[in-house]
Amino acid sequence: MAANDNPSFEALTLNLGGEVFAIDANCVHEILDMIPQTDVPGAHPFVDRLINVRGKVVPLADLRIKFEMERTPPTIDTRIVVVEILLDDEPTVVGLLADKVYEVTTIGGASIEDTPDIGMRWRPDFIKGIGKRGQDFIVIPDIVRIFSVH
Amino acid sequence: MTGRNDPAQIFREEAADLLTELESTLLRLETRPADRDLLDTAFRALHTIKGSGSMFGFDAAAAFTHHLESAFDQMRTGKIAPNSALIGVALAAKDHIRALIESPAHADPAEGERLLALVAAQTGAAPAASPASAPDLADEAERPTTWRVRFRLAPDAVERGTNPLLLLDELSGLGDATITALTDAVPPIEELDPNRCCLAWDVTLTTTQPLAMIQDVFIFVMDDADLTIEPVAMDDRPEAPPANAPATVAQPPADVSPPPAPRADAPTLALVAEAAKPAPSAPSGQSDADAAKVAANAASSIRVPAERLDDLMDQVGELVIAHARLKQLIGGSADLQIKSVAEEIERLSNGLRDITMGIRMVPIGTLFGRFRRLVRDLSQELGKGVTLTMSGEDTELDKTMIERLNDPLVHIIRNSLDHGLETAEERVAQGKPPQGQIHLSARHAGTRVLITIRDDGRGLDRDRIRAKAEEQELIQPGAKLSDADLFQLIFHPGFSTAKTLTSLSGRGVGMDVVKRAIDSLRGAIDIASTPNRGTEITLGLPLTLAIIDGLLVRVGKGRYVIPLFAVEECVELPPGEDRRHLGRNFLNIRGALVPFIRLRESFAVSHPPDAYQKVVIISTGERRVGLVVDQVLGDHQTVIKSMSKLHADVANFSGATILGDGSVALILDIGQLVAVGQSFEPQRDAS
């Protein structure tokens, strides 16, 4: 696929383990401060907690596990991004931990490059593309894919 | 695709209900062929399906139903008597109607022809016309006939919502009608009860429509009304209305357009209609009372999509949680005013919760009714005479629960019929009556509903189950097992003791499915069996799937809910009983050894344990397991929230709930934990 085939989209940018990630803003429900979390014994570390989002029990996922980043304790900047994704064709609400949330911004299609096959420490199928803004690279994760191969 | 307002979909739903009603009516009719009410009910169901079917474009279904309806009409009028063979055909025809309605493209027309031929053979009529032909009898449609229609409605017909004007309008729509009101039964004005209908009508109708169309007009009132319809010769038409008829609505026969006269006259008619003492010709008390009951039911119940009830339940669940938070917040407050408001809200939310749960309750008879057909068909297929009896059909259960109980109960009943009950010869040799017995019962026991399926067959074969279990290495050879434990083995996947496979059961895929279905409903299965006396399977189920009473416990820092129905008792873990170093995890509860699970270990809790550990003894049926926890916190109204697919692989938990402080707590999966506890010892040996 040529690089300029990628459509532009509104994205929420956030920080995970020092990298900037962009998530499609259309699937974001809300952004929460840290709230009480419940451990689920025996669950995969990627989704080993549950939170209460407006009366709904929602799994809390830590994308850092999937990107083999260190699990640092929450800071004053840590947020929970509540998103809705399609899991087996069923809309599912999940919370994503973010070390810091920046802003909603437009990522131009032309600036998105396909995932390079080499030079990546992450599973290539978890990444949709790499966007560029100024001098910074923005990772566009394939959220649905990440949850599907769970 | 098909929205809630799609008329065809509405018809399908309505027809499904009617067909269900038809089936149960037919089955009852088989045992009580003389019952007029049952015949009438069956006829009405068929008639409505035919009418609505053709209205919504289900022409094939309507045409087919028409022929069946005709057969029932003959039974109603006493021309033929209902018999078992006819009802058998009618049941098969009912299935065909269902097929025609649900997937018209896939229904087999040959099957329809075959059934109609059978119906015709039973009714003694000439083979019915092809089902594709229009229901109207074409040969009668050509020549106009004049009919004299006289009818007097039941005195309370108007109160029940019948509008005589509509009937008259419909009659005049069929052809040229001369309508005369008969006022002979109208009492003097001082005795007049305006709510009663004391008028009768005499209608002379000239129409090309067949008699059936005229009868159709009165379909919903004819049970209670005096109705005579007779043909008159053309020159026999009455020249003048009866002398004592002041409120006459005469309509020129030449006027073909819809008659304005009855409508213009409506106030008069209504006024006169609202007159009077009961008409002398009251219908028989029994059917009148039944009809009144049916009418009252119809008027006071509404159909609501199940999703709306689910939404309501969700909202009530939120309210219960919100209230728990409120209660926790003001727990320490000394403000009496706030406290009294909180108590008021508690009362209201509890009331709302109970009502909402009540709305979702459906009598289990709706489910049991379906099994009459199953048992009938199976007993014929297997050549075993079986009587199905039921009790406690009015026991109420959550609607979702009822739907999800269907498949497991079908499995159990099939098993009983196929394996449990012997053939008639075997039974006689055993000194039992040749007819097998299956009894279905439901009853409340505390917050549980117990559903029992009992047969008087040969009972479970202990030796064969044991041999099979040993062969499959489920148990050690010669292991000592209680009957309850032994019988639980039949729920093991792939376990079947049947020597031969039949089309019904015996592949060993049945009982583990039953077990899983009941587990998913938070239920338990008990089996009792006596050789040659029969088997009794009891399903213990919670009343609802939405809110349960739970026991809140703490393990480390985490809080968990144990469904209260499974809790037998709480004891302290005596340090002396803690013999883990001896490779044992058993607790002596009044002489019985109960295995226990340390939830701290299962959940890999690193937090230091409390000094005094508690054991919550839980059970499913006969099997007990102790759960070691740090603290028992107390009871908790648990609104059950399901966990997402992401946690489908997590054992030990059946769901989650939200606590008073807004945090999430997990609900322990009792069935799973008991299974783990029971297998505890072998696991430890292996490790």
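Every residue, even glycine, has its Cβ placed from backbone N, Cα and C.
Bear in mind that TrEMBL entries carry predicted annotations, made automatically and left uncurated.
Which of B:234-265, B:426-457 counts as region 'Disordered' depends on TrEMBL, and there it is B:234-265. Counting only same-chain residues six or more apart in sequence, the Cβ atoms lying under 8 angstroms from the Cβ of B:H47 (phosphohistidine) belong to B:E69, B:D216, B:I219. For the domain 'HPt' (B:1-104), the model's pLDDT averages out at 80.
With helix defined as DSSP H, G or I and strand as E or B, the domain 'CheW-like' (B:547-679) counts 25 helix, 67 strand, 41 coil. Remark: secondary structure over the domain 'HPt' (B:1-104) totals 82 helix, 0 strand, 22 coil, with classes taken from DSSP.
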